[in-house]
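**Q** Sharing the feature lines straight out of TrEMBL:
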{"type": "DOMAIN", "residues": "8-186", "note": "domain 'Formyl transferase N-terminal'"}
{"type": "BINDING", "residues": "S114, L115, L116, P117", "note": "(6S)-5,6,7,8-tetrahydrofolate binding site"}
{"type": "DOMAIN", "residues": "209-308", "note": "domain 'Formyl transferase C-terminal'"}
Amino acid sequence: MPDNQKLKIAFFGTSEFASIILQKLINSPYKPSLVITQPDKPAGRKRKITFPPAKILAQRHNILVEQPLNLDSSSLDAPDSEPYALFIVAAYGQIIPKGILEMPKYGTLNVHPSLLPRWRGPSPIHYTLLNGDKRTGVTIILIDEDADHGPIIAAEELQRDISNMKYPELHDMLADLGSVLLIRVIPDWILGKLKTIEQDHEKATYSKKIKKGNGHINWSESALQIERMIRAFTPWPGSFTFFGNLRIKILTGHANNSSLKFRPEEAGKILSNGVGIVVQTGSGVFTIEKLQPESKQNMSAKEFLNGYPRIIGAKLN
């Protein structure tokens, strides 16, 4: 076991996922002495300046924080003469230059919430849910200059049924799993007990950055795909549709198989009220259970129908 007091670590991370990893490091023998995170940004309708979760946590534990607009080696100037031994990255949100990756003696490790090479890129958890994957997990890699491309140090599958999970639940489970795996890996990596395995690059799949507009429901998709979308985009960007000019966020619902034959142009048509709002899709029907009309509170489908009884037979778009 290395002398943990002399193992100087810098942590690169920004999001809530990163803060869960950081908290585990703080509670371990591998507490970072520096946290590098993205700059503060305006958020919400009032554009209030908001601190990244990793920054908030680091400051709470009196850890030095740097927030460079453009990452270079000056961001990593040690407050003393001792060089950094290890860099750890988790959801930092920016490509790290090769020169920085190679600075520490033991390299730069990344905690990625998928079983690489599946779902490289910035949104692996969203894509896991959107594509109905039956299995997922976390991977720790030695970072190279290409995103999520480096050799694998360790990987662990999540031993849970994820078929009905929403994003927040899966996010937290993968962050917890990744933090436990990381703490287990660090000492053996430092002592040279672990060998890396090259990723099978031909099997790589890629996730893209999720944007607000991705939440607009296309009722021509299958009911099952719409159900996956709602689970993947909870709470952000949310899944929404329009009834006329009224924007409605769909909070919960489920897909139903249907033997009825529909014309493609009828996708989005509301078929009946029943126990919920039943909508025709490109394949099957989708039952809306809970929703939120713009500028109003969350409500059940039944409550919405009481206020908008003429919605039956109309179309959502």
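Glycine too: its Cβ is placed from the backbone N, Cα and C atoms.
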**Q** Starting from the Cβ centroid of S114, L115, L116, P117, which together make up the recorded (6S)-5,6,7,8-tetrahydrofolate site, report each further residue of the same chain whose Cβ lies within 8 Å of that point, ordered by sequence.
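**A** Along the chain, the qualifying residues are H112, R118, W119, R120, P124, T139, D148, A155, Q199.
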**Q** Suppose you look only at the domain 'Formyl transferase C-terminal' (209-308); what would the mean pLDDT be?
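**A** Across the domain 'Formyl transferase C-terminal' (209-308), the average pLDDT comes out at 91.
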**Q** Enumerate same-chain residues with a sequence separation of six or more from S114 ((6S)-5,6,7,8-tetrahydrofolate binding site) and a Cβ-Cβ distance below 8 A; give 'none' if the list is empty.
**A** R120, P124, I125, Y127, T128, T136, G137, V138, T139
**Q** Taking every protein chain shown into account, which of the binding-site residues L115, L116 has the largest tally of Cβ atoms within 10 Å of its Cβ?
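**A** The residue with the densest Cβ neighbourhood is L116.
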**Q** Please list, in sequence order, the residues in the chain of P117 ((6S)-5,6,7,8-tetrahydrofolate binding site) that are at least six apart in sequence and whose C-beta is under 8 Å away from its C-beta.
**A** D148, Q199, D200, H201, K203, A204, T205
**Q** Per DSSP, how many helix, strand and coil residues does the domain 'Formyl transferase C-terminal' (209-308) have?
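**A** Tallying H, G and I as helix, E and B as strand, the rest coil: 24 helix, 38 strand, 38 coil.
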**Q** According to DSSP, which of helix, strand or coil covers S114 ((6S)-5,6,7,8-tetrahydrofolate binding site)?
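**A** Once the DSSP labels are grouped into three classes, S114 ((6S)-5,6,7,8-tetrahydrofolate binding site) ends up as coil.
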